[in-house]
Structure formats: C-alpha cells, structure tokens
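Visitor: Take a look at this one; I'll ask things after.
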Amino acid sequence: MTDFSERLERLRSLMETTGYRFVETDILQPAETFIDLAGEELRGRLFLTATVGGAELCLRPDFTIPVCRHHIASGDPARAAAYSYLGPVFRQRPGGTGEFPQAGIESLGREDREGADAEALTLALSCLRAFDLDAPDIRLGDQALFFAFVDGLDLANVWKRRLKAAFGDRARLDALIEQLAGRGPGGEDRRAGLLAALEGVDHEAARDLVEDLLSIAGIATVGGRTANEIAERFLEQATFAAGSSARPEIADLMTAFLDVAGTPDVVADRLAVIAADAGVELTAALEAFNHRAQLIADRGIAYDRLRFAADFGRRLDYYTGFVFEIYDPARPDLGPLVGGGRYDKLLGLLGSATEVPAVGFSIWIERVPGGVAALGANGLGALT
C-alpha cells in the first residue's frame with residue numbers, strides 16, 4: 001500500500017468513525033435526473049449511454065444525487081442519516097482523464113441546520129489534515145441571506161425571481177442590477193405592440209389571447225414547451241418589462257449588499273446596516289447566520305480564518321443556504337479542494353413528499369497535496 005493509499009484509508013476511517021456510514025452507489029445513473037437537476041456546466045460534461053430498451057443513462061458525475069436517491073429508496077426520506085463515500089466520478093473535461101476520485105459526506109434529515117452546517121465544515125477541515133493541510137483558506141457564502149434581502153425589497157415578484165435565479169453568477173446579477181437602475185442596455189421591444197394591447201387585460205384573458213394567436217400561427221410547441229407554457233412565459237416577460245421602471249436606490253443597495261465581504265462578525269454588522277437602510281427585515285436570517293458562525297467558532301475555527309462573501313453561491317436550484325469552499329493557499333490555481341453546502345430542496349425534487357434538511361461536501365482527491373503525483377503514478381488504483 002502506498003503512502004497516499006494509506007492517507008485515503010485514514011480519510012475513509014475518519015468519516016466513518018465520525019458517524020458517517022460508508023455507502024456505495026451505482027456507477028450507472030438515470031441520465032434524466034442529472035439533466036433536470038444539474039447545472040448547465042455539468043450537463044454538458046456527462047458521459048451518456050442507453051439501455052437496449054432505450055432508457056438513457058449516464059456515468060455517475062458526482063455522489064450527492066446518487067446518495068440522496070439511495071436514501072429515499074431505503075426508507076423514510078425524513079429520517080436522519082449520515083453517509084460517506086469514496087470512489088470514482090466521471091465528467092468530460094479537456095486535457096485530462098474523464099475519471100477521477102471524490103470523497104465526501106452527506107448529512108440528511110438533521111433539523112438543527114446550523115449545527116449540521118458547522119459539523120460539515122469542521123469535518124471537511126479534519127479530512128484535509130489527513131493530507132497534511134492544516135491551514136487552508138476557507139470561503140463562505142449564504143444564499144438564504146440574499147433571498148431574505150430580495151424578498152424584503154419593494155420590487156415586483158418577477159424581478160425577485162430573476163434576481164434569485166441569477167445568484168451565484170455575479171456578472172449576470174450586475175447586469176440585472178444595471179437594468180434595475182435604468183443604466184442597462186435599451187432598445188425597442190419587438191413585442192411592444194402586443195404588450196400595449198394587453199395592458200389592463202386580466203392575466204387569464206391575456207394568456208388565452210396569446211394562446212389563440214399561437215394557435216392561429218399553427219404553433220403548438222416550441223422546444224418541448226406547450227402553447228400554454230409559451231403564453232405564460234410571454235406574460236412573465238411582459239410583466240417584467242412593465243415593472244422595469246428605474247429603481248436606482250434599490251439597485252445601489254443591492255450592489256452594496258453583494259459587495260460585503262470579510263469575517264462573519266464584521267459582515268453581519270454591515271449587512272444589518274444595509275438591510276435597515278433598505279427597510280428590509282433581515283433579523284431571522286442574520287440570527288441563523290450568527291448562530292452558525294458561533295457554532296463554527298465553538299469547534300475551534302477562529303473567525304479570522306473565515307472569509308465570507310455575500311455574492312458567493314451555487315448555480316443549482318436545490319441549494320438553499322450555507323455554502324463553503326476550501327483552498328490550498330500554496331496552490332490556489334487548482335481551484336477548491338472541497339466544495340460543500342446546504343441543499344434542502346434536493347430530496348423533494350428527487351421524489352420525497354416532504355422537504356428534508358441536507359448538507360454535505362465533496363473532496364477533489366486529485367487536488368489535495370500529493371494527489372496529482374499519486375494518481376498520476378497509480379491511477380485510481382490509489383483508491384484500493
């Protein structure tokens with residue numbers, strides 16, 4: 001057994017002795033699940049195949065969805081359970097093998113969300129110590145804070161939906177904020193005539209009119225969407241355009257919110273001031289944020305090791321709150337060694353009748369100290 005293999009064995013043992021039962025999942029997974037739920041970047045990197053009967057499958061691109069599917073299939077989804085894993089995942093990527101190892105944990109069903117979040121981050125740091133990384137850089141974010149702030153703003157619901165959908169993509173958010181401020185790109189809307197004709201018409205009648213126009217034009221579906229869905233989308237865009245009068249004061253507050261960065265204690269005070277200036281009630285979200293930060297500190301992780309950024313989030317619909325990434329300060333070019341966060345919506349999207357609290361993290365084994373050299377020499381044999 002090589003030194004790196006021994007480190008991997010210690011990693012697996014650490015996760016299991018902490019209470020995370022080791023689980024193995026099928027390498028072949030239903031492709032539809034990942035196509036529907038994975039982000040755009042991951043969808044384009046799937047290895048796809050099909051059964052003789054035509055069912056589309058993919059090679060497992062990560063462990064989170066397979067572990068959650070296993071959890072749902074093996075009992076009451078709402079039960080508390082803790083899983084760990086270590087094995088290969090498969091993604092197409094230029095200039096490298098499409099097969100590489102990941103390890104990690106998934107904590108499902110724990111109602112003490114902030115406690116579970118703190119435990120996940122602490123365990124991730126302990127896992128990295130198995131590879132002699134004792135003082136990594138830690139980056140934190142919290143989607144729940146941003147969503148609570150947006151919900152409290154005096155904006156049309158369509159604006160709120162678009163801003164939330166863009167969270168995690170700062171360039172896209174900035175473009176929306178510029179539009180909100182009245183500084184975005186203009187241009188005549190080619191649908192202006194129809195939009196004007198619909199002004200003052202109630203929603204149901206307007207939708208029926210758009211559906212009738214599509215029917216007259218012989219349009220039944222576009223890109224898999226029905227005429228009804230196309231009409232709803234058109235009316236949403238019409239509402240968005242109608243509610244797009246400049247709100248520079250709100251735009252400036254949003255930029256100020258997203259620019260907040262620093263240690264948890266400093267950013268909490270700053271976010272509270274911005275929320276007060278905006279007339280937004282952020283108390284509950286900030287209390288959860290502060291409680292989590294204190295629990296993390298209670299586990300021996302000082303505030304000055306944590307770097308929070310208000311604009312940091314994941315571009316996946318099922319993420320709901322706390323997110324984190326951990327970097328090797330000696331090799332920031334490698335990207336995050338660990339990525340984790342809270343995804344309370346995922347099990348519901350996978351078929352659970354109730355929302356199940358969930359948090360976890362994945363370790364990119366090839367990025368940890370010694371990983372490239374060991375896996376380059378031994379391939380995935382380092383896992384055995």
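Each position is counted from 1, following the chain as shown.
Positions of Cβ are set from backbone N, Cα and C atoms, glycine also.
TrEMBL labels come from automatic prediction, so no person has curated them.
Copying in the features that TrEMBL gives for the protein in this structure:
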type    : residues                                                           : note
BINDING : Asp62, Phe63, Thr64, Arg91, Gln102, Glu106, Arg314, Tyr318, Tyr319 : L-histidine binding site
DOMAIN  : 8-200                                                              : domain 'Class II Histidinyl-tRNA synthetase (HisRS)-like catalytic core'
DOMAIN  : 238-368                                                            : domain 'Class II Histidinyl-tRNA synthetase (HisRS)-like catalytic core'
Visitor: Going by DSSP assignments with H, G and I as helix and E and B as strand, what are the residue counts for the domain 'Class II Histidinyl-tRNA synthetase (HisRS)-like catalytic core' (238-368)?
Guide: 60 helix, 24 strand, 47 coil
Visitor: Counting only residues 6+ away in sequence within the same chain, which have a CB under 8 Å from the CB of Gln102 (L-histidine binding site)?
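Guide: Counting only residues 6 or more apart in sequence, the Cβ neighbours of Gln102 (L-histidine binding site) under 8 Å are Asp62, Phe63, Tyr85, Leu86, Gly87, Pro88, Val89, Ser362, Ile363, Trp364, Ile365.
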Visitor: Once the DSSP letters are reduced so that anything not helix or strand counts as coil, what is Thr64 (L-histidine binding site)?
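Guide: Going by the DSSP assignment, Thr64 (L-histidine binding site) falls within a helical segment, counted as helix.
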